[in-house]
Amino acid sequence: MSSQENIQPQELWSRISKSQRDLAKSILIGAPGGPAGYLRRASVAQLTLELGTAFFQQQQLSAAMADTFLEHLCLLDIDSEPVAARSTSIIATIGPASHSVERLKEMIKAGMNIARLNFSHGSHEYHAQSIANIREAVESFATSPLGYRPVAIALDTKGPEIRTGVLKGGPETEVELVKGSWVLVTVDPAFRTLGDAHTVWVDYPNIVKVVPVGGRIFIDDGLISLQVKKIDRKGLETQVENGGLLGSRKGVNLPGAEVDLPGLSEQDAQDLRFGVEHNVDIVFASFVRKASDVAAIRAALGPEGRTIKIISKIENHEGVKKFDEILEVSDGIMVARGDLGIEIPAEKVFLAQKMMIGRCNLAGKPVVCATQMLESMITKPRPTRAETSDVANAVLDGADCIMLSGETAKGKFPVEAVKMQHAIAREAEAAVYHRQLFEELRRAAPLSRDPTEVTAIGAVEAAFKCCAAAIIVLTKTGRSAQLLSRYRPRAAVIAVTRSAQAARQAHLCRGVFPLLYSEPPEAIWADDVDRRVQFGIESGKLRGFLRVGDLVIVVTGWRPGSGYTNIMRVLSIS
């Protein structure tokens, strides 16, 4: 996020000379003798030189000053610098390619904010070691309190999903299913670890009852398609429609079939207990279809896991249709496009993505965009141009987090994938039309008597009006930081907290830069507030958000504890 804020020239009248006012007018209305867009572009550059950099954010400045969205698009400049610091969080899946401490350190340096553990693969022992490695890698940055990088750990449940078994050669083996060949899909336990090119075991006993002759079975995000030709006591006799390489433990989709799996399996319950015991921060709940599925997960976490955030993954048609009730009881949403693109027509996935991100933005809840974002980087060092556009458009849609799956879990270039997503997000964030976005979010905000929420709206508007370089918020649970993030300030939200978990979970919220303050409380509460604010300022200077002369908005409470945030101050950095 940049350390500078955009402001409209007509708001500077009391601070600039008449010649500069005339110049500012030419920016907004054009000038005689040439195209308004060209003159606006040239005039903005001249005005910036005359006024210095204190009043304007430099990234995509001409587009940021636009009066309409179409004009904003026309004025985007490929030579403009990206934002100084990325505000969209990066979630990276940890697997064989990224399991080691050294590789995790590299990924943290590259920009990983949340580490995802996929419990569809691996044993509890394997994931316990992954958690230990992640924490060791994070602690290696703890020598400097100002440079410490809290990384959240997320447990992704298996959920009511169907998967294939293990192939004969072991978990790393792949076999090719050739188009036109015959494959037996069986539930016979004897084939659980003996799959091959002609026999595929699946872990759903009722598959022979719910898939009719003529029905289709999709494997591995739909890359492999089988059509059922015959059903007998051995299983489903199928013919390969679309072939490909089949690995172990791949996801299976049965489009159109009424799958009767429970929302929370016994395996999921065991995995959730494991997560509570190992203090994970987030649960990504797979295949959530209705609000009661979320309630079951919350109950399974128990009182010890009450502070764990539940992010519901929307992966089928039922989940999309019941989205509002799921959103209401969830802490956030993941747009899981892999399975979703099989359960609903692929050409409608973008509609579901935009709808879900928009509703999450209105509700002020985090939303993650996931699956196949940089898929080609599993085997190649550079993404396709379509993939870079996909990541950028997820950011422009309003996603709080963007996720890497196989790219970092099993890919050849896990660190490079994180770096690429980081670079794309920085460019995309510079192109967000913040002027329109904040106005729409503010208008859509319901009337509230909650002092914290009212203060958050005021702080974000003040940051726009005075061109604040950052908003520093002191928070105990992270709620104040999330409320500030809801209104998408262009300034960095520096969240100072003594809660390690709140610092880690803050990465779910766009534009929030969490700081863990580990000093003991001062005897006088006002002194303690000042010390934490100063800690935030020093960190902002270190990260490049703040410079001498910049204004910052400070949001604090009127007394110790959570739920009392209602004070806003404007400070100048000295």
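Yeah, the Cβs are placed from backbone N, Cα and C, and that goes for glycine too.
Among the candidates Lys250, Lys290, Lys309, the residue that Swiss-Prot annotates alongside Asn118, Phe119, Ser120, His121, Arg163 as binding ATP is Lys250.
Apart from Asn118, Phe119, Ser120, His121, Arg163, Lys250, the residues listed for ATP, the same chain places the Cβ atoms of Gly122, Lys158, Glu161, Arg249, Gly251 within 8 Å of the centroid of those Cβ atoms.
The Cβ of Ser120 (K(+) binding site) has 16 other Cβ atoms within 10 Å, all protein chains considered. In this structure, Lys313 (substrate binding site) is part of a beta strand by DSSP. Excluding the listed site residues Arg116, Lys313, Gly338, Asp339, Thr371, the same chain places Ser286, Glu315, Met334, Ala336, Arg337, Leu340, Ala370, Met403, Ser405 with Cβ atoms within 8 Å of the centre of the substrate site Cβ atoms. Secondary structure at Asn118 (K(+) binding site), taken from DSSP and collapsed to helix, strand or coil, is strand.
Shown are the binding-site residues His121, Lys313; the one with the most C-beta atoms within 10 angstroms of its own C-beta is Lys313. In this structure the residues listed as binding substrate are Arg116, Lys313, Gly338, Asp339, Thr371; their two most distant Cα atoms lie 18 Å apart.
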